[in-house]
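These features come from TrEMBL:
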type	residues	note
DOMAIN	2-114	domain 'PLAT'
BINDING	Gly17, Asp74, Ala75	Ca(2+) binding site
SITE	Trp99	site 'Essential for stabilizing binding to COTL1'
DOMAIN	114-663	domain 'Lipoxygenase'
BINDING	His360, His365, His540, Ile663	Fe cation binding site
Amino acid sequence: MGRYHIQVATGAWLFSGSFNHVQLWLVGELGEAELELQLRPTWGQVEAFEQDISQDLGPLQFVKLRKHHSLVDDAWFCDRITVQGPGAFQEAAFPCYRWVQGEGVLTLPEGTARLAEESTLDEFQKHRERELKERQLIYCWSTWKEGLPLTIAADSEKDLPPDMKFHGGKRLNYEWTEKTGLLEMILKRVYTLLNSWDSLEDFDQIFWGPKSTLCEKVHQRWQDDELFGYQFLMAPNPMLLRRSTSLPSRLVLPSGMEELRAQLEKELQNGSLFEADFILLDGIPANVIQGEKQYLAAPLVMLKMEPRGKLLPMVIQIQPPNASYPTPPLFLPSDPPLAWLLAKSWVRNSDFQLQLFQYHVLNTHMLAEVIAVATMRCLPGLHPVFKLLIPHRRYTMDINIRGRTHFDSDSGLFSQAMNTGGGPHVQLMRRAMAKLTYRSLCPPEDLADRGLLGIPSALYAHDALRLWEIIARYVEGIIHLFYHKDDVVRGDCELQAWCREITEVGLCQAQDRGFPVSFQSRAQLCHFLTMCIFRCTAQHAAVNFSQHDWFFWVPNAPCTMRMPPPTTKEDVTMATVMGSLPDVRQSCLQMLLMRQLGRQQPDMVPLGYHTEEYFSGPEPKAILRQFQADLDNLEREIVARNEQLDIPYEYLKPSCIENSVAI
């Protein structure tokens, strides 16, 4: 006979508890015993009890549980179960972290991570196989749009598996914020009904509501060339700028611009010439909003880096040359102020489109969903890579389905406010998908390819590299616990299936763009996992949480353009500028979107600080603590640096990075 001490932890989420009774069994190497006590779980509580068991169970392998219900199936979110056996038996942990529904028996294996070849006990191997078979029926692939990554098969968030949905508090907060934002938009529209809308100052009429200090600075300084250049390095889209290695072929310099050519070539020779080319937008048809045609351009902007780190624009070409217009006009800082301002507005509009659909939606949200679905389909809960990645999939499928619903809606804010909405956004993302490479997702390679290493004023680049190094050390620490040599990596059938599922299935045969179809070494595996975690955390934070600061003041990043690009400079008037920028309704919709996307979430989990304990044993926990310590050190470095800056760069401060793509 032996006495067992059992603790059952229920989630702290709203509605996590249950009025239904829960029955438990302990399963050991030598036998199985049903526990006499039936629980009624309470949310946020850890319920402890003891029971004497007459038979010798041996080392515990599983806990089985069943939730009984009479009239109502009241779902229960079980965090974990821990059991302390008699005598010298160590405490055994059985992580769950999922919703328990229905009356079926749920089997939780002991939490020690194991590779398939280490599951020597037949029961563990059977559990792995049974779990994957069940998950592959639940987590199915679907095609949202041809030519884009696959998604989870669900028509709405209601169709998702319960474990992938927003928890109760998150859902209520998200939907309440949508409603209050809509009310704010209506109030702004009513306020402006009888007022004029014919000067830039009129945008102040709707520039109210919660705003950050940086948002106010953008409002005050958005017309400055210095702030215009700064945004290519440290605003929501730091992913397009590259150092020039030659003058772009599309930059046609007509006669009379010999001085400009000389200036460009001088900067080129000094290594201080940079470019941002929006050619991906060329030829994409623009949206039609309420019967009015909108307009798109594919600008090129050339910039110079001054010795003190300021990035300043030198010339803007709004459209590339074509057969009917072989020499498009070039706009210069010395042009009439309104002409130069309008040219910059066209650049900012194009940046808005690429930031949202290429670098945000495609390269973080959709990629994170591919990783999440493949993980659920190919890796059992006992696999160390599953345990490593699973905290970084929280809420991703739910927020992505809500986003796709908005994208597809003819009456949604994307279709009603953006010049790429209503269909052109799909063409844009298809083009971006065709150019998506594995290297472009990894900061060390991407920043080197774009010539942005070693620039003191490029704070996104600096912080991204530091975070990549910290995440890489964490990943290596975990992986080296379980893969002692490269042969073990090559022989892990579950891991290799996961790799193929991502590259060949989720990313639609992306191996020709550098994505692996197998892992041949520990180093290759660690690099890929570092990319996965970085994309789902740091990169998403950089492109998402910066949006409210930089895009809430609409003239700085107009969501649409309502007139064609100018072909002459002298004819640009304030009426031209205001006729090109978004109208009141479109501006209010843009501000509503930025409010929803850019705000910090009330249940935000910072990078590395998830409370779920998927791993058992002291070694993985020690590695996680070191990861947290490294993040805390970086936090202090960034805080000290930012105190010296006019515009602090905070989006990659670890405390500001959410642990998953959750908004």
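Any Cβ shown, glycine's included, is placed from N, Cα and C.
Heads up, TrEMBL stuff is auto-annotated, nobody curated it.
Sequence features, as recorded in TrEMBL, placed on the structure.
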{"residue": "Gly17", "record": "Ca(2+) binding site", "Cβ within 10 Å": "19"}
{"residue": "Asp74", "record": "Ca(2+) binding site", "Cβ within 10 Å": "15"}
{"residue": "Ala75", "record": "Ca(2+) binding site", "Cβ within 10 Å": "17"}
{"residue": "Trp99", "record": "site 'Essential for stabilizing binding to COTL1'", "Cβ within 10 Å": "19"}
{"residue": "His360", "record": "Fe cation binding site", "Cβ within 10 Å": "24"}
{"residue": "His365", "record": "Fe cation binding site", "Cβ within 10 Å": "24"}
{"residue": "His540", "record": "Fe cation binding site", "Cβ within 10 Å": "24"}
{"residue": "Ile663", "record": "Fe cation binding site", "Cβ within 10 Å": "21"}
Secondary structure content of the domain 'PLAT' (2-114), with strand meaning DSSP E or B: 0 helix, 61 strand, 52 coil
Cα distance (Å, whole number) from Trp99 (site 'Essential for stabilizing binding to COTL1') to Asp74 (Ca(2+) binding site): 10
Integer Cα-Cα distance in angstrom, Ile663 (Fe cation binding site) to Trp99 (site 'Essential for stabilizing binding to COTL1'): 21
Cα within 10 Å of Trp99 (site 'Essential for stabilizing binding to COTL1') - qualifying binding-site residues among Ala75, His365, His540: Ala75
Overall pLDDT of the domain 'Lipoxygenase' (114-663), taken as the mean: 95
Between Gly17 (Ca(2+) binding site) and His360 (Fe cation binding site), the C-alpha gap once rounded to whole angstrom: 36
Between Ala75 (Ca(2+) binding site) and His365 (Fe cation binding site): CA-CA distance (Å): 28
Residues within 8 Å of the Gly17, Asp74, Ala75 Cβ centre (excluding the Ca(2+) site residues themselves): Phe15, Ser16, Ser18, Phe19, Asn20, Pro41, Trp76, Phe77
Cα-Cα distance linking His360 (Fe cation binding site) and Ala75 (Ca(2+) binding site), given in Å to the nearest integer: 34
Cβ within 8 Å of the mean position of the Cβ atoms of His360, His365, His540, Ile663: remaining residues of the chain near Fe cation: Val361, Thr364, Ala368, Ile399, Val543, Asn544, Leu597, Val661
